[in-house]
């Protein structure tokens, strides 16, 4: 797996011949990996939040509505982190500050 990653990163420079294009190609790779990791972390966090809410509601059905409200607030905060990663990726891809 490491050999494939190094091969892709090494050949990206030759695939895009110009100097500015090399930075842009690495930005695309980094943006894709970063956004994928952010989405993965967000999905794991949302799954854990939903599991904890369902478990709490099963233990004490009387507080189910309060737990649901808290869960929705937590899900919004988790999703906000993924949206921040998307915004940073879009900035790096379209208004790349490294290109000057």
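Yeah, the Cβs are placed from backbone N, Cα and C, and that goes for glycine too.
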Of 51-71, 72-92, which range does Swiss-Prot call transmembrane segment?
72-92
Output, ordered by sequence, the same-chain residues six or more apart from residue 79 (site 'Reversibly protonated during proton transport') with a CB under 8 Å from its CB, or 'none'.
42, 46
